[in-house]
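Report on the following structure.
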Amino acid sequence: MKFCYKNGILDWRIVVLVFLLYLLHALTVKILVVASIIAICESGILLFLALKRRLDLYLYTLVIILATTFEFPMFVDESLKFVPSIIMLPLISGYFFLLLSLWPLPKMLGNGSIWKTISKKFPFLFSFVSITLVLGIVMGVLSLFTDSTSKTFHFSFFVKDLMILGVFNVYALYFMYSSLIYPQFKQKLELIIFSVLVAMVLAALFVSLVGAKGFYGTNEIMLMPLSFFFSTTIVFFLFYKKYSNNHFVLLIFLSCITFFMQFAYSNALGGKSWLVFFLILMTCLIFWYKRAKLKLILGSIVVFLLFPFLLNIVEKKTDGDSLSSSKLVQALSLVSVVDVDWYTNLPLSPKIRIEELLNTNLEFVKHPSFALFGKGFGGGHQDYRYAYGGYNPAAFSLEEYNNEYFIRMHESVNTIFLKFGLLGLVLSGTLLFRHCLVCNKSPWLVLGCLWFVFFWGYSSSLMSIGLSSLFIGIEDVRDK
């Protein structure tokens, strides 16, 4: 491996920049005044680039800032009222980011020919983001006036969904648009995202070793942006020659660090991280199958069949204060479907996600006019199965419990089904199916599809890596 500060894959200058920015955010996140000043300065930089009308530089900068941003107080310190960032500024909340995110639209909307080109180049991604954006607004307005919930409450969540779900779709359009306007946009974005992944692993390890901690309830967790979730997936790059030939030693080193941290430290997305860990094992199984490693294949099958017994062992050894252990139990519970009492013994966190899907089905049974196109932005359902229990801040907001109307789902499939109905499921299913079939051609498609399956509509920090990866992967496959 030739160690250089820059090549077509990795730029060590960006690694250093992201490392320092992560440290800056991590060390000041609990000091609201300082964190607010930093967020205002970052917003000012983005506003400057917007006024310069440099969409490419704006997107590059946005990705770096969002990847290192802390979003939710519940993963930092629940005593905090909010965490200052470019998406949550003091006093003006997320309205500045929403307005800032709209600046390229007028020029794009006035160019009809560009939309035809985008739809041909990115048929599945463009269909999903454009149709669901329209559905979200139209059906959201309809559900606002037809649901029996408080109009003020409903409208507030309509705006919140527009800030998150709508903005996600808008930025997907910007990525596709930029690929046509700026010839090297995809290559530069790939360089930035890979450098960000490297920096996130190193910075998270450093922050953990110096003892900086966040809190999830009463449990100590790593003080990390949610984008750190993708650090575990860096091992997938070892299966692709473009990356392993250039940075094999670095990838092995980073993979070892991420696996060490997965077992040694609790994190805010522990359950999903464990599921990705199992996915990596499955990927290795496929890799060994192609090379006829029969002993390794049989060993993996035995491990899978022993999941229910492994679950019992883990439960007995789980410390009640160990978030990492409890998340492992939850992940094992999801894959231990051979257990007769699987659903009865399922922990609350994954069970709520299943109940969300069941309640959405019941909502559409009661209101079949919304089944095809969904309830749009701000739309929700009632707890028909009485499964959500009393107020649980880790599940839903106090406003949702008080109004007995639940809007913010925890899984992509639940969000898409509730907001965009059966059509949304068809569009998202087609997008995933077509791109999962060619994941062997680009590791970025693996990361992008994981983001879409687990986190679409959840976090801007996760979007910065996930959406970028999906876009890069689609471009990779098209180029090949």
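Glycine too: its Cβ is placed from the backbone N, Cα and C atoms.
Per TrEMBL, the features are as follows:
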type	residues	note
TRANSMEM	31-50	transmembrane segment
TRANSMEM	57-76	transmembrane segment
TRANSMEM	82-103	transmembrane segment
TRANSMEM	124-145	transmembrane segment
TRANSMEM	157-177	transmembrane segment
TRANSMEM	189-209	transmembrane segment
TRANSMEM	221-240	transmembrane segment
TRANSMEM	247-265	transmembrane segment
TRANSMEM	271-289	transmembrane segment
TRANSMEM	296-314	transmembrane segment
TRANSMEM	416-433	transmembrane segment
TRANSMEM	445-474	transmembrane segment
Two-stretch contact, the transmembrane segment (221-240) and the transmembrane segment (157-177), at least three Cβ pairs under 8 Å: no
Listed stretch, out of 31-50, 247-265, 445-474, that has the most CB pairs under 8 angstroms to the transmembrane segment (57-76): 445-474
Contact check, the transmembrane segment (416-433) vs the transmembrane segment (82-103), 3+ Cβ pairs under 8 Å, seq sep 6+: no
Seg_contact(the transmembrane segment (124-145), the transmembrane segment (82-103)) with at least 3 CB pairs under 8 angstroms, min sep 6: no
Considering the transmembrane segment (157-177), which listed stretch of 31-50, 82-103, 445-474 counts the most C-beta pairs under 8 Å: 445-474
Same-chain residue ranges lying at least 6 outside the transmembrane segment (31-50) that approach it to Cβ under 8 Å: 24-25, 57-58, 61-62, 65, 80, 83-86, 88-90, 96-97, 100, 103
Chain residues outside the transmembrane segment (82-103) and at least six past its termini with a C-beta under 8 angstroms from it: 29, 32, 35-36, 38-40, 42-43, 46-47, 50, 65-66, 69-73, 76, 160, 162-163, 167, 170-171, 460
